[in-house]
Amino acid sequence: MSRRSQVVLRLLTSLSLCTAPRASMPSLGTVPASSSTDDLVTAGPAIPLVQLPHRSSDSPRSSHDGTTDGAAESAGRRHDGRGKGLYGGRLDDGLDTEDEAKGRTSEEDEDDGEGRGLLNDAEALFRKEDDGEADSAAAIVRKVVPETDDPSLPTLTPRVWILGTLLCVFGAAVSQLFFFKSNAPSFSSFFIILIAHPLGKWMDRLLPDSLRRGAWDKKEHMLVGILAGSGASAAYAGEIISVQDLYYHSDLGNFGGLLLLLSTQLIGFGLSGLTYRFLVRPTQMLWPSQLVTVTLYETLHGGKKDQRSSDSSQMRFFRRAFLAIFSWQFLPAVVFPGLSSIAILCILNNRSWIMRTLGSGYNGFGWFVGSLDWSVVGQVGPLYTPWFAQCSYLAGTAINIWIVAPLLYFSNWWNAQDYDSPLAAHLYNATAGRLNVHEILNADLSLNEARYAEVGPLRLTPYFALTYGVSFAVLTSVLTSVALWHWDDIRAALSSRTGDSTDVHVEIVERNYLPVPSSHYAVIFGLNLLAAIVLLAFYPQLQLPTWGLLLSLSLALVCLIPIGIISAITNTTIGLNVLTEFVAGFIWPGKPIANICFKVYGYMCLLQSLDLTSDMKLGLYMHVPPRDLFVCQCYGTAVGSVVNFLLIRGVIAAKRPYLDGSIADPTQQWDGRKPEIFYSASVIWGLIGPKRFFSGQYHVLYWGFLLGALLPLVPWYIYKRTGKPFWKQISVPLVLHGAIAPPQTPMNVLIPGFIVSFLSQFWALRYHTRWFEKYAYVLSSALDAGTSVQAIVIYILGISSFWEWWGNSSIDVEHCVPGS
């Protein structure tokens, strides 16, 4: 195994202290899927210390900044070559000599020989332990990222445009399709990286020399990943279109829908010009997950000659695993849906309501529920999420869903047994019947207060109501945790705003490639702001005034740098969901569409800006021309938005009865959980408003803010008193975030996710380390990729049913309904 691959594995182990939450994986241009309980808390849960991997494919998108005037002079060296960025090269070639590179390598080997290594460096950075290294962040980067560059390598070639566009369209289609399914993995960024590599080599042989512009190289490869990854997600604003169509029966039309998706997805890129100096240039702004992505690119492109045979075996392993899972997934998806959720208690006795309530993975507490469906198991990233991170997250889920929720239900707290399901996200009236929202709506979609007084107040299942209180706790616990564990890191990042950079990668990029002019960011922001204003002016059903749009963008701007610093250091992102819903709920009570529009513009502006910033850092590590990166990011995001819109229209037209809840899908594959939760949030925060909802019995939920602020003090205080590292590995925000995973995430994921994570991140990592280093992440990408491809094939071929038998019951595939 190459030294670089060994180093990154050690980094991954240490990143159990600071890896990003679920969603995703080491990033490539990131694709944030709406996080679980997306509308209840944050959209990429903001969790310092220990957290689930960042949907890299779901989070950062990147570009470079134009605020680096004079940076070339700080580089100190000049050469005669010119880089080949989109707008031409800059100054010199920046090639380090071979002797310099060898010198650095020998220094690194000496460090390792003294027993230091990357793990110690990571611990020094994130735990602040003194191991004699003056600059731990620089040491980590030096051992992972090559310090040489070849500006003559081609970047924006026909291969990039063709492969990037095809993979972007495919990824956007799969992600949007999975958005409407009950169980679905996020689209794997590893799939894009790995599948683009052989395709790029194949196009080397296929294209004529006039179009090839040189051999397939790692910079082209990275740009394909950025272009495809930036669009290969389900656009967050698509939830507005879904909710309006399915629940409010209001249609924006094709033009309005496209304008909404494009403006929300792109407007945040305009603010990214402000972030380079603060969040990319300083060495302390590590963006840890991007180091994993760099290592994968370097490994695939043979950073050392002895890696090539390893790469070949990894590709063979990927192909075999891909074909195996592609074939297997036809069983749980078509032939034997019962494999998706194996409810042991229901199979033993589904005539007992207690067994049904405890045993169902979809509609109950999920006791002893298993699954042999990778679209279920893969949701928690068990093959790449650090062990202690997984333990924190799943412990929170298990404590809440296996202990707290059953106690609330069987003690009939808040009349829990009056509702039709213990975990439902439905809205209920005062008599525990389903609330017909149209009864309390005026023609302009505002609240009919007289009618609401007759049928109200709004009621939720106790568990679902509790998730709002816990979501408040998540938000404040993040702030407390960061203050306790990472305050010194934040101060160091702030102090690095000024002065010349000593970072070799900053030197290389700023010396050889032109930055993105500030005017480009201004144009992106201005055009999308204008599009948003036009949208609000011509589609009054969105209910949001222009000044409300400006207010939401202002909130994103104010929070951008502080939250960005936390994200860059801890690899976590604090979403603005709760803040924007609160603000909009108080300003526009009784207007649900205004609330979700305000939330989406504020939240997406911040998230897309940080996504782009994270990819700026990846581009800095890979020494890719910033302007090329910027173009790929914007283009991929626009293409993905168009594909998202087409899929939303198509899926709703084909599956409307299942998605709006008028008919239950007997296969449990299509249930519209995510749109329903988004819809419920629009009613609670927008139509009813926080003043009305958080009164009466629900006022106690406000205590979540205080509880979340205080809980992180417990492990912090014990750690300070005892010095035992176990307490530092407990992430209170991650435990709380896991506690609110249901109902958006069915409980058939808990046991199989834990088992696979144990086998991978504990057993294989410790006792079969060589195999883990070589194949664990390849296996994860192959399983996710095969599942994604199989799902889209089934959808395209229209395979929706199989003959009925015990494993494919038309009543209930879990057998939790008597007679099934």
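Cβ atoms are placed via backbone N, Cα and C, with glycine included.
As annotated by TrEMBL, signal peptide applies to 1-23.
Among the features that TrEMBL reports, region 'Disordered' is placed at 51-117.
Annotation source TrEMBL lists compositional bias 'Basic and acidic residues' at 55-67.
Taken from TrEMBL, the feature transmembrane segment covers 160-180 (among others). Listed as Cβ neighbours of the transmembrane segment (160-180) (distance under 8 Å, sequence separation of 6 or more from its ends, same chain) are residues 31, 33-34, 57, 186-187, 192, 195-196, 199-200, 203, 220, 223-224, 226-235, 238, 375, 632, 636, 639-641, 643-644, 647-648, 651, 655, 659, 670, 672, 674-675, 788-789, 791-792, 795.
Per TrEMBL, transmembrane segment is recorded for 187-203 (among others).
If one looks beyond the transmembrane segment (223-243) by at least 6 residues along the same chain, the residues whose Cβ comes under 8 Å of a Cβ in the stretch are 27-34, 43, 55-58, 61-62, 155-156, 159-161, 163-165, 167-172, 174-176, 178-179, 187, 189, 192-193, 196, 200, 252, 257, 260-261, 264-265, 293, 297, 593, 596-597, 600, 603-604, 607, 611, 615, 618-619, 624, 628-629, 632-633, 635-641, 643-645, 648, 652, 659, 672, 674-675, 678-679, 682. Residues or ranges marked as transmembrane segment by TrEMBL: 223-243 (among others).
If you look at the transmembrane segment (255-279), the same-chain residues 6 or more away from its ends with a CB under 8 A from one of its CBs are 61-68, 235-238, 240-241, 285, 493, 497, 515-516, 518, 520-526, 528-529, 531-532, 534-535, 538-539, 553, 556-557, 560-561, 564-565, 567-568, 600-601, 604-613, 616-617, 633-634, 637-638, 640-642, 644-645, 648-649. According to TrEMBL, the feature transmembrane segment maps to 255-279 (among others).
Positions annotated as transmembrane segment by TrEMBL: 321-345 (among others).
Feature annotation from TrEMBL assigns transmembrane segment to 365-384 (among others).
Residues or ranges marked as transmembrane segment in TrEMBL: 463-487 (among others).
What TrEMBL records for 521-540 (among others) is transmembrane segment. Beyond its flanks by at least six residues, the transmembrane segment (521-540) meets 63, 65-66, 252, 256, 259-260, 262-264, 266-267, 269-273, 546, 549, 553, 597, 601, 634 of its own chain at Cβ-Cβ distances under 8 Å.
If you look up TrEMBL, you'll see 546-569 (among others) marked as transmembrane segment.
Sequence annotations record features per position, and here TrEMBL assigns transmembrane segment to 700-719 (among others). With a threshold of 8 Å between CB atoms, the same-chain residues lying at least 6 positions outside the transmembrane segment (700-719) that come near it are 465-466, 468-477, 479-481, 484-485, 694, 725, 727-728, 730, 732-733, 736.
Within the same chain, residues 13, 183, 340-343, 361-362, 364-366, 368-372, 376-377, 379-380, 382-387, 390, 394, 397-398, 401, 771-772, 776 sit at least 6 positions outside the transmembrane segment (747-765) and bring their C-beta atoms closer than 8 Å to a C-beta of that stretch. Summarising the annotation, TrEMBL assigns transmembrane segment to 747-765 (among others).
Marked as transmembrane segment by TrEMBL: 777-803 (among others).
If you look at the transmembrane segment (546-569), the same-chain residues 6 or more away from its ends with a CB under 8 A from one of its CBs are 18, 46, 48, 267-268, 271, 274-275, 278-279, 284-287, 478, 482, 486, 489-490, 493-494, 529, 532-533, 536-537, 576, 579-580, 583-584, 587-588, 594, 597-599, 601-603, 605-606, 609-610, 613-614, 617. Counting same-chain residues at least six beyond the ends of the transmembrane segment (321-345), those with a Cβ under 8 angstroms from any Cβ of the stretch are 183, 355-356, 358-362, 364, 367-376, 667-669, 746, 748, 778-779, 782-783, 785-787, 789-791, 794, 799, 801-802, 806-809, 813-816. Remote same-chain residues near the transmembrane segment (365-384) are listed as 12, 22, 24-26, 52-53, 178, 181, 183-186, 325, 328-329, 331-333, 339-345, 357-359, 390, 393-394, 401-402, 405-406, 409, 422-423, 742, 745-754, 756-757, 760-761, 776-777, 779-780, 783-784, 786-787, 791 (criterion: CB distance under 8 Å, separation of at least six residues from the stretch ends).
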